[in-house]
Amino acid sequence: MTTLQPKLILLFSGKRKSGKDYVTDLIQKRLGPDLCRTLTLSGPLKERYAHERGLDYEQLLGAGPYKEEYRADMIRWGESRRQQDPGVFCRLAVSAVTRPVWVVSDCRRMSDLQWFWTEYPQQCVSVRVEASERTRALRGWRFTAGVDDAESECGLDQGVDFDWILTNNGDANLLDQQLEGLLSLIKAKTQDSRDGIHQRGE
Ligand SMILES: Nc1ncnc2c1ncn2[C@@H]1O[C@H](COP(=O)(O)OP(=O)(O)OP(=O)(O)O)[C@@H](O)[C@H]1O
Ligand SMILES: C[C@@](O)(CCOP(=O)(O)O)CC(=O)O
């Protein structure tokens, strides 16, 4: 069970190769490990999927062809588990987090957002990372039927009024400006936690 209530939960989503990991890594580095913990919903999914299928979990966590080879089957496997229990991977992802700020880097479905909105109604901020298809293709994305036209990639395309939208087409200055705004919000919401860490000299 989670031992501490978070001060703030950033719920990131975005298309494949939009830069979710890149942006959340930047935020994690800016906030530091004492204040912030980055979580994925796909991590616990991949661990259980790999165990059940006898596959290499570490390679499923990677960015190479091995993960892409099993992506469609992982999606189907994950959706069958979510139909039984929509919050299953959300609960697993937050089960041992003790930091005040949680960055969930890979929300994909309305059920993901709804679980966090229900469990933590005051703490959630939804963030959409956007990149053009041209930019995504330059980063190695290729349209894959059964993946890019499935809920896994399209589940949050409509019906969400995101709190923040980050445009991430490679303009470092534009991204920095957008991140400064988001980081200001984070710091405003976590002043007491940051003071406590500072006082403890952590
Ligand atoms: N602003 C940026 N500047 C330079 N490189 C970037 C930028 N954004 C993303 N990248 C690079 O593009 C590639 C894809 O980014 P990333 O892995 O963060 O995408 P993602 O949305 O997490 O993709 P997936 O959903 O497939 O995991 C990575 O190699 C990353 O380093
Ligand atoms: C199966 C799945 O978790 C794979 C995600 O892999 P990644 O976040 O692109 O590394 C996507 C999904 O849950 O639909």
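Backbone N, Cα and C atoms are what each Cβ position is placed from, and that goes for glycine too.
From a predicted model like this one, the values you see are computed outputs, not experimental measurements.
Within the same chain, residues at least six positions away from K15 (ATP binding site) with a Cβ under 8 Å of its Cβ are E130, A131, R136, W141, D148, E153. If you look up TrEMBL, you'll see K15, R16, K17, S18, G19, K20, D21, R139, Q178 marked as ATP binding site.
The feature substrate binding site is assigned by TrEMBL to N168. Taking Cβ-Cβ distances under 8 Å and a sequence separation of 6 or more, the neighbours of N168 (substrate binding site) in its chain are G14, S18, G19, Y22, V23, V129, E130, A131, T135, L175.
Less than 6 Å separates the Cβ from ligand 1 in the case of D21, drawn from the binding-site residues K15, D21, Q178 in sequence order. The Cβ of Q178 (ATP binding site) has 19 other Cβ atoms within 10 Å, all protein chains considered. When other Cβ atoms within 10 Å of the Cβ of G19 (ATP binding site) are tallied across all protein chains shown, the result is 24.
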